[in-house]
Amino acid sequence: MNSKLFSPYTIKNVTLKNRIVMSPMCMYSSGNEDGRVTNFHLIHYGTRAAGQVGLVMVEATAVLAEGRISNNDLGIWDDNLIEGLHKTTTFIHDNGAKAAIQLAHAGRKAELDTNAFAPSAIPFNDKMKIPVEMNIQQIKETILAFQRAALRSKQAGFDVIELHGAHGYLINEFLSPLTNKRTDKYGGSPENRYRFLREIIDSVNEVWDGPIFVRISANDYHPDGLTVQDYVQYTKWMKEQGIDLIDCSSGAVVPAHIDVYPGYQVQYAKHIKEHTNIATGAVGLITTGSQAEQILNNNEADLIFIGRELLRNPYFPRIAANELGFELQEPHQYKRAPGKIHTNK
């Protein structure tokens with residue numbers, strides 16, 4: 001049986017063997033608080049590659065040490081961190097998948113002992129510290145840090161870069177009027193609030209020629225915040241700069257109630273795709289092969305990002321293929337166990 005979920009997908013100069021992406025998820029497992037890859041990361045990502053995920057995306061990886069969400073996050077702020085990341089891409093590639101990395105800065109949501117930095121001195125909530133409002137020099141240094149991180153990503157062997165512009169972290173903070181109250185060229189109008197991301201993309205393009213994704217929070221879930229229609233305009237600007245795919249998540253820029261249900265964010269991937277003609281990724285409570293297949297067949301997204309379901313079962317692609325009646329080409333080491341997988345779901 002043919003399956004769109006298991007059909008190849010080419011984006012720029014990279015061909016994925018299927019449309020399943022391991023969504024970036026922080027593992028908080030850099031045990032020495034130095035940003036380094038550990039054996040856990042090698043097994044964690046390598047296993048999903050062996051499980052036949054098409055694109056394995058490494059978790060939010062900090063471009064500056066002070067830009068980590070926690071002390072145990074992965075980092076890419078120094079050349080001495082390349083070796084561990086290169087081992088990770090080798091594990092992924094050797095097991096048949098392409099490798100991506102999400103480049104990130106936590107902004108005001110950095111839970112470290114040092115200062116947090118943000119476009120404006122507004123805390124996320126009353127339990128978190130008041131961040132330092134970034135000056136122009138700090139903004140320029142952060143943009144340069146993203147560029148250097150992109151170059152290190154190339155040296156580490158990654159095929160795809162994703163810029164983390166969602167979930168209330170630094171890029172998202174500049175984009176949203178809820179968190180950006182600046183009166184200089186980086187605040188005020190949508191064009192000015194986009195300027196930080198624009199300059200990051202320009203700087204990354206100088207050193208990286210592979211596919212670039214951007215993860216967005218397509219809805220602030222606040223009456224004064226951004227909606228998916230605002231992100232249509234942002235996406236048009238990103239597309240003009242050469243961005244290849246928009247990974248459509250939502251929320252977390254400010255505390256808000258979100259109604260969560262299966263595929264609750266697919267609507268954003270569909271809307272962005274329809275109104276900008278750019279490739280999109282759908283993410284959020286996508287847990288079965290038939291659900292993923294339907295999203296693709298309905299032309300609501302181009303790639304399917306799987307998160308917690310891959311934590312529950314690193315061999316999700318095999319189960320999805322079984323569900324869809326698709327014969328999956330597995331590692332030769334596993335061919336002694338042919339036939340259907342029986343689950344209790």
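In case you wondered, yes, glycine gets a Cβ from its N, Cα and C as well.
Binding site for FMN per Swiss-Prot: SER23, PRO24, MET25, CYS26, ALA60, GLN102, GLY307, ARG308, plus ARG215 from the candidate set ARG193, ARG195, ARG215. Here FMN is bound by SER23, PRO24, MET25, CYS26, ALA60, GLN102, ARG215, GLY307, ARG308 per the record. The longest Cα to Cα distance in that group is 17 Å.
There are 28 other Cβ atoms within 10 Å of the Cβ belonging to ARG215 (FMN binding site). A distance of 10 Å separates the Cα atom of ALA60 (FMN binding site) from that of TYR28 (substrate binding site). Within the same chain, the residues at least 6 positions away from ALA166 (substrate binding site) whose Cβ sits under 8 Å from its Cβ are ASN172, ARG215, ILE216, SER217, ASP247, SER249, SER250, ALA252, listed in sequence order.
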